[in-house]
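K.L.:
Sending over a structure as structure tokens; questions will come in a sec.
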Amino acid sequence: MSAAATRPWTRVTATCACHGARHKISFWRTILFATTHTLPLISGGFFPVFLSSCPLLRRDAEGFKEQGNAFYIKKDYAEAFNFYTKAIDMCPKNASYYGNRAATLMMLCRYREALEDSQQAVRLDNTFMKGHLREGKCHLSLGNAMAASRCFQKVLELEPDNSQAQQEVKIAESILEYERMAEIGFDKRDFRMVVFCMDRALESAAACHRFKILKAECLALLGRYPEAQSVASDILRMDSTNADALYVRGLCLYYEDCIDKAVQFFVQALRMAPDHDKARLACRNAKALKAKKEEGNKAFKEGNYEAAYELYSEALTIDPNNIKTNAKLYCNRATVGSKLKKLEQAIEDCTNAIKLDETYIKAYLRRAQCYMETELYEEAVRDYEKVYQTEKTKEHKHLLKHAQLELKKSKRKDYYKVLGVDKSATEEEIKKAYRKRALLHHPDRHSSATSEVQKEEEKKFKEVGEAFSVLSDAKKKSRYDSGQDLEEEGMNMGGEHLGRPGGASGPGNFFFQFG
């Protein structure tokens, strides 16, 4: 504004008490304060001095302040903000007006703007205790505990017995302690501790994005993806360019095995913050994990099981934190292991997959199958029961029934094992095996042994006769193979024929017929 343009204003200020001056003041006030953008242009010159000293404008400013107070009491903070702003326009050197507007902004959760007003208030009046208190509260809400503590200490310098400042200092110290504990917890991978500490800190620092992001990251690392997504999404609604929130969104997708979508978020985070180390590492791991898993799948489909086993093993070393993907990799490696007859390792891999994801049905099914192949039927039944409780399908019911039958059969004498033959043995193979075992355990062969040995060999000889009695009879063998209890069925198991040979019939005499 030129000197010529200010001359009428100068004349008005010189004769402010005159009747016509008031109209000119109103005119210039309308011109100058039609927009608040005018204020920065004139704040360093004559006008602020004039505005602060003119009784008429001070009276109008007080009127706006009182109206603002009335709306504040009614909790109509938006209107209160408008009237406090008008008061500031009238008297921009009044610290209390900035203090009042800061209080309103705090109620509107606009803490950064409130912080600016509080700082302006104490710049105008360094003894303004409410200004220092509000600045400290804003720092606390934004998670700046050290800065908050300095503000409260300033209040205590002005008024050593101020109880509110004393209490706020304790709160600031507690936030600093929670930050320290969270840092230790994160280093130790005690993510539950970090979430706890951040929840406590956020009770007093509700607007701190840094605390929210750390909490969200740890929730993701704990597998609590919906909660982590919710926190990150809330921040992105307020600030769509927040690289940390974009990183957490990507992390959740990555850990839910949505790798392609996750990479998109990591790339976006790196656009916002090219030096974001966590996003860069996660992006690299996501791409590497996807590539290695796909290579393993390809090798498996081609029947190259050794290569697939190695590729899945390499993939498992990329990121131990990726629970869901690693569970699938363990299960995939178990499948390959069972193909390679590495059944113990396959069982261990399935167990690791279940530890990572207790709801992973495929891992239970794979482990149960391996238990069946290693004749650990009780363990197989437990896994199939778990599967059937979760998914009651006909197939799962059939698998459970089959495992229960094999368990029942395993608790009987294994006649095939007694004779030393496979379950697929022919009638001729069974006869030959019987002859061999009967010769081995025949009591006459051990007549010179101790009584203990004789008893043991006679017991084994009877078992051989019992086994042959069942397996040489097509009907009995069929019932035995189907898991039926032969004694409950009332079928003769050989009875008196299972002792020393010499009767008219039975396994003993059958043995001698081989001649």
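From the backbone N, Cα and C atoms, a Cβ is placed for every residue, glycine too.
Here the structure is a predicted model, which means the values were calculated and not measured.
Sequence annotations record features per position, and here TrEMBL assigns transmembrane segment to 31-51. TrEMBL lists 61-94, 129-162, 243-276, 289-322, 361-394 with the feature repeat 'TPR'. Annotation source TrEMBL lists domain 'J' at 414-484. What TrEMBL records for 475-507 is region 'Disordered'.
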K.L.:
Which bits of the chain, at least 6 residues beyond where the repeat 'TPR' (129-162) starts or stops, bring a Cβ under 8 A of a Cβ in it?
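P.N.:
Those are 95-96, 98-99, 102-103, 106, 111-112, 114-115, 118-119, 121-122, 168-169, 171-173, 175-176, 179, 201, 204-211, in sequence order.
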K.L.:
What is the average pLDDT across the repeat 'TPR' (289-322)?
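P.N.:
Computed over the repeat 'TPR' (289-322), the mean pLDDT is 95 on the 0 to 100 scale.
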K.L.:
Under 8 Å between C-beta atoms and at least six residues away from its ends: which parts of the chain pack against the repeat 'TPR' (243-276)?
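P.N.:
Contacts of the repeat 'TPR' (243-276) (Cβ under 8 Å, skipping residues fewer than 6 from its ends): 209-210, 213, 216-217, 220-221, 223, 225, 228-229, 231-233, 235-236, 282-283, 285-287, 289-290, 321-325, 328.
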K.L.:
Give the residue counts of the repeat 'TPR' (361-394) per reduced DSSP state, in the order helix, strand, coil.
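P.N.:
Per DSSP, the residues of the repeat 'TPR' (361-394) fall into 28 helix, 0 strand, 6 coil.
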